[in-house]
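Feature list (source: TrEMBL):
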type     : residues : note
TRANSMEM : 37-61    : transmembrane segment
TRANSMEM : 243-264  : transmembrane segment
TRANSMEM : 270-291  : transmembrane segment
TRANSMEM : 326-347  : transmembrane segment
TRANSMEM : 372-397  : transmembrane segment
TRANSMEM : 462-490  : transmembrane segment
TRANSMEM : 510-534  : transmembrane segment
TRANSMEM : 612-634  : transmembrane segment
TRANSMEM : 654-684  : transmembrane segment
Amino acid sequence: MSDKEEQPDTSLDVETYGNPRTFDPNFKGPIAKRNCTDVLCCIIFVLFIIAYILLGLVAWVHGDPRRVAYPTDSKGHFCGQKGTPNENKTILFYFNLFSCTSPSVVVNLQCPTTQICVSKCPEKFLTYMEIQFSYRKNKHYWTYYSQFCKSPFVKPVKTLSQVLLDDDCPTAIFPSKPFLQRCFPDFTTKNGTLTVGNKTTFEDGSGKTRNAIELRTAANRVNKILDARAIGMKVFEDYASTWYWILIGLTIAMLLSWMFVILLRFIAGFLFWVFMAGVIGIIGYGIWYCYQEYSNLQGRPNSHLSIYDIGIQTDISMYFQLKQTWFAFMIILCLLEVFIILMLIFLRGRICISIALLKEGSKAIGYLPTTLIYPVLTFIFLFICIAYWAVTAIYLATSGVPIYKVISPERTCEHENTTCDPEIFNTTEIAKACPGAQCNFAFYGGKSLYHQYVPTFQIFNLFVFLWLINFVIALGQCALAGAFASYYWALKKPDDIPPYPLFTAFGRAIRYHTGSLAFGSLILALVQMFKFILEYLDRRLKEAQNNVCKFLQCCLKCCFWCLERMVKFFNRNAYVMIAIYGKNFCRSARDAFNLLMRNVLKVAVMDKVTDFVLILGKILVAGCIGVLAFLLFTHRLPTMIEGPTSLNYYWVPLLTVIIGSYLVAHGFFSVYAMCIDTIFICFCEDLERNDGSREKPYYIAPTLHGTLNKMQLVPQKQKE
């Protein structure tokens, strides 16, 4: 072929999907001259952010977070608020906790009894009838009792029936302690028997004899987390005595992750097998330990019980005293061990490709070390978004004025749940028609247009939050992809790598492709929003669902989970194409999809095998730190180092260290994963653009290209 017949400026690639593509012969990396893409979506995104800021300002004007910080009495007054009559009364006291067993507690989320602010909780058993009798001998009893009444009385002249009708004082008080700024009975257990103030039975002031179990049932209706009080204190004590060990563990995890990333550049093959052996060994140790615990529980009383037999327990350590728990752990770890071994057997022929990709990724990160710091910037952005969403949600939830509703203990009043005015309630027809009904504080709201749309604003707050979170992640992926693409398309590495590639890629993404990134994150936010709605409906309608509805609900959840994973995969590859070519989101997503479909074998062989290796690396880091933490917190390293003593639940700091180490490793390896994905996309483009000749040389590293030749993943015409 003569020179005139050659056309060095174009080369056609007949696609499996779509029309033939025309390549730019002067392409040497990410396009520098770009235009703004998806401008309409960018404008919509900016308008939503402005509306989000305005919503926050409006919520700040109308909301009052003190309504969350301080408990509220039946009249809507805060307990402990400075500058009010309740300044020194910081604790909420319930007149009659036994009325909290009423079904209206579940419906109205409010206990149908009078609630007042007090300075301290009762410390003894007293009834109103006893006070009337004791007042004649010692007035000190009434002075003590009257502090738990609505307003001070000189002496207890009212009869019991009048007190019940006017609801001025409680009929009885019990020994209590403040918890979450509320007075709850002081429960103790003696010889397996529940007691209150060393009593198992007592008078409730209305002529009935009650027991501690009835009182506990009533208290649990008020606050479900009453049982967790002791556990919460013990967990706090464990964190207080192990926080520095947790920080040391996370620091070691960071150093270990950094060391792995550096060593992958030089001894990727050896380190790969270290990953494999380490993960298999750690899981094997877990299997052996579970078997030891299972064997040690043989013959112990009650160890044969099942998890179903003991039910839901707040003391999680009870589950570790059952053989079934350790047997289940052992089975799960065995299945995981077998899965990893089978994966290694079936993927043994592709390991060399994964090692070559790991070496290339380590080399890229070595030339661009600033990419390892970028996850810190992403974390800061995510923290700002989460904080703004949480503050806005709190201010929206506390917007409005106190709303009072009629609450009847027996739910027999026809005016139940209607609004009322506590100042004049006793003089209204409702009080006469419904004896015993109360006009109590229910929630904060109003009749203005703003208050009517507060639930809508909460939904808007959640949606924009999801959009911003996904946008921040998309921005990080696009910036990292642009930096690693600059590395790949440099023919002479590192001489041809442009200066400040990460900063340049970040600036291009913000300046030109905010709309495209917002478009992709919008699609993902919509899918996630539908998932939240399904979860909300499932929780609200859980009791009313039949088996068919539950089955359909599970199917929808599964479908939306798969859809979310698929959208994340397409978005990730679309952002890589945006970083390289600067096209809009739809075109970039289409090009990325077509490119991957034309190289589907390479996707299965190279990309996914490397993802599997990186997941094992994260497990190895978390597992190594977890084993060391386990040996330390269970005092199995006394000769080497002395760990924290007298831990209540060693698994609390242990799980914190393991989860934290995994997240730290994920932060480092996510950069690595983005590097591998970008190199893979660029590699597929490289094979389609070039043929390895002097005029069209490959940009791929020679070592990686040689490995692919051996695996016959490069077309034969390109190897010649």
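Cβ coordinates are placed from backbone N, Cα and C, and glycine is handled just like the others.
Where the annotation comes from TrEMBL, it is an automatic prediction and has not been curated.
Remote same-chain partners of the transmembrane segment (612-634), defined as residues 6 or more beyond its termini with a Cβ less than 8 Å from a stretch Cβ, comprise 242, 245, 249, 252-253, 256-257, 260, 272, 274-276, 278-279, 282-283, 285, 340, 343, 347, 354, 358, 641, 643-644, 647, 650, 653-654, 657-659, 661-662, 664-666, 669, 672-673, 676. With a threshold of 8 Å between CB atoms, the same-chain residues lying at least 6 positions outside the transmembrane segment (270-291) that come near it are 260, 263-264, 326-327, 329-330, 333-334, 336-337, 340-341, 344, 351, 354-355, 358, 613, 616-617, 619-620, 623-624, 626-627.
At the 8 Å Cβ cutoff, the transmembrane segment (462-490) and the transmembrane segment (326-347) share fewer than 3 close pairs (sequence separation 6 or more) and do not count as touching. Long-range neighbours of the transmembrane segment (243-264) within the same chain, counting only residues 6 or more positions beyond its ends whose Cβ lies under 8 Å from a Cβ of the stretch, are 271, 358-359, 361-362, 365-366, 372, 617, 621-622, 624-625, 628-629, 632-633, 643-644, 653, 656-657, 660-661, 664-665, 667-669, 672.
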